[in-house]
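Colleague: Checked Swiss-Prot, it gives:
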ACT_SITE  HIS109  active site
BINDING   TYR26, GLY27, SER28, GLN29, LYS49, SER52, SER54, ASP84, THR85, ALA86, GLN87, GLY135  NADP(+) binding site
BINDING   ASP192, GLU196  Mg(2+) 1 binding site
BINDING   ASP192, GLU228, GLU232  Mg(2+) 2 binding site
BINDING   SER253  substrate binding site
DOMAIN    3-183  domain 'KARI N-terminal Rossmann'
DOMAIN    184-329  domain 'KARI C-terminal knotted'
Amino acid sequence: MAVEMFYDDDADLSIIQGRKVAVIGYGSQGHAHSLSLRDSGVDVRIGLKEGSKSRAKAEEQGLTVGTPAEVSEWADVIMVLAPDTAQASIFTNDIEPNLKDGDALFFGHGLNIHFELIKAPEFVTVGMVAPKGPGHLVRRQFVDGKGVPALIAIDQDPKGEGQALALSYAKAIGGARAGVIKTTFKEETETDLFGEQAVLCGGTEELVKTGFEVMVEAGYAPEMAYFEVLHELKLIVDLMYEGGIARMNYSVSDTAEFGGYLSGPRVIDAGTKERMKAILADIQSGEFTRRLVANVENGNTELEGLRKANAEHPIEVTGKKLRDLMSWVDRPITETA
């Protein structure tokens, strides 16, 4: 099914310019949205809790900062860009008591609305504007006069103005320059979670670790295994990112291409596909979200345990040693502190 696309000429910037926008959070997306909204002539304020390390940064960049409650009371469009696991409590404690008839509540990801962790009053417009790129790229493209494609969705539209408002917001952060895709909260949430879990984060991570283990257990040096299954992954992903799988296969050697065709289906087979379907079913049913919420309610104990086990994998020890040799690699804070 073809998606519905919108561009700059389909969006009226004056709509969002006539509103007061509160952006809750000042992380990767928060700073990109806020600065680009401001540069597009929108009256914007940032909502951050007292003591947040981001307050000084936002103020240094010329933005007005208040608590989430203060800016929610002031605004008539509230964009929630805090972490997923913090949004429900922020909504209950700071946003909901300050909602007024005609307000719009926007999100950068649909999880809390789709799985009803947040239930907005019926008089509030509920929508989503979600650039398909990290915040630094969204901001850089905006400054360069370009844009990152964005998604919009409307979940609740009591005034019949939701789509026009979302398109106006998307235009203000540069999304309509590249193209805006209309979707739903359900589609965005479930596809995003599946991609993260089955392929981008969970699937790729386990594939890399297992490949490393197979090579080391067969007697190869950990350093050689690291280079072959992790370090060179970026080269392949960059080719796929630039021109799809066909571009990657065109660019690698015939030996690599032929071997990939033969061995890839032996690694990712029909059984893998069935397990992926089971992951998708857990997402669709809300089982994953229930487990996510339970983890937060239990003080992140499950997540911390998983993090610890992952950090202790031998590939991490080998990787840190090899990255010390790579002057061109940006080192993470955890390795440079």
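Each residue, glycine too, has its Cβ placed from N, Cα and C.
Just so it is clear, the model here is predicted, and its values are computed rather than measured.
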Colleague: Using SER28 (NADP(+) binding site) as the reference point, find which of the recorded positions HIS109, GLU196, GLU228 has the shortest Cα-to-Cα distance to it.
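Modeller: Checking each of HIS109, GLU196, GLU228 against SER28 (NADP(+) binding site), the shortest Cα distance is to HIS109.
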Colleague: Whole-number Å only: compute the distance from the Cα of LYS49 (NADP(+) binding site) to the Cα of GLU228 (Mg(2+) 2 binding site).
Modeller: 45
Colleague: Near THR85 (NADP(+) binding site), which recorded positions out of HIS109, GLU196, GLU232, SER253 have their CA within 10 Å?
Modeller: none
Colleague: Test of understanding: give the count of other CB atoms lying within 10 angstroms of the CB of GLU228 (Mg(2+) 2 binding site).
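Modeller: So the Cβ neighbour count for GLU228 (Mg(2+) 2 binding site) comes to 14.
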Colleague: List the helix, strand and coil residue totals of the domain 'KARI C-terminal knotted' (184-329) as derived from DSSP.
Modeller: 123 helix, 0 strand, 23 coil
Colleague: Counting other Cβ atoms within 10 Å of each Cβ, which of the binding-site residues SER28, SER54, THR85, GLN87, SER253 scores lowest?
Modeller: SER253
Colleague: Would you say which of the binding-site residues ASP192, GLU196, GLU232 has the most Cβ atoms within 10 Å of its own Cβ?
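Modeller: Highest number of other Cβ atoms within 10 Å: ASP192.
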Colleague: Count, for each of the recorded positions LYS49, HIS109, the other C-beta atoms lying within 10 angstroms of its own C-beta, and report the residue with the smallest count.
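Modeller: It is LYS49 that, of the recorded positions LYS49, HIS109, has the fewest other Cβ atoms within 10 Å.
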Colleague: Where the distance is taken from Cα to Cα, which of the binding-site residues TYR26, GLN87, SER253 turns out closest to ASP192 (Mg(2+) 1 binding site)?
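Modeller: Ranked by Cα distance from ASP192 (Mg(2+) 1 binding site), first place goes to GLN87.
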Colleague: The domain 'KARI C-terminal knotted' (184-329): mean pLDDT?
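Modeller: Within the domain 'KARI C-terminal knotted' (184-329), the model's average pLDDT equals 97.
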Colleague: In whole Å, how far is SER54 (NADP(+) binding site) from HIS109 (active site) when you measure between their Cα atoms?
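Modeller: A Cα-Cα distance of 21 Å.
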Colleague: So how many other Cβ atoms are close to TYR26 (NADP(+) binding site), meaning within 10 Å of its Cβ?
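Modeller: I count 27 other Cβ atoms within 10 Å of it.
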Colleague: Write down the Cα-Cα distance for GLU196 (Mg(2+) 1 binding site) and SER253 (substrate binding site), rounded and given in Å.
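Modeller: GLU196 (Mg(2+) 1 binding site) has its Cα 29 Å from the Cα of SER253 (substrate binding site).
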Colleague: Tell me, by DSSP, whether SER28 (NADP(+) binding site) is helix, strand or coil?
Modeller: helix
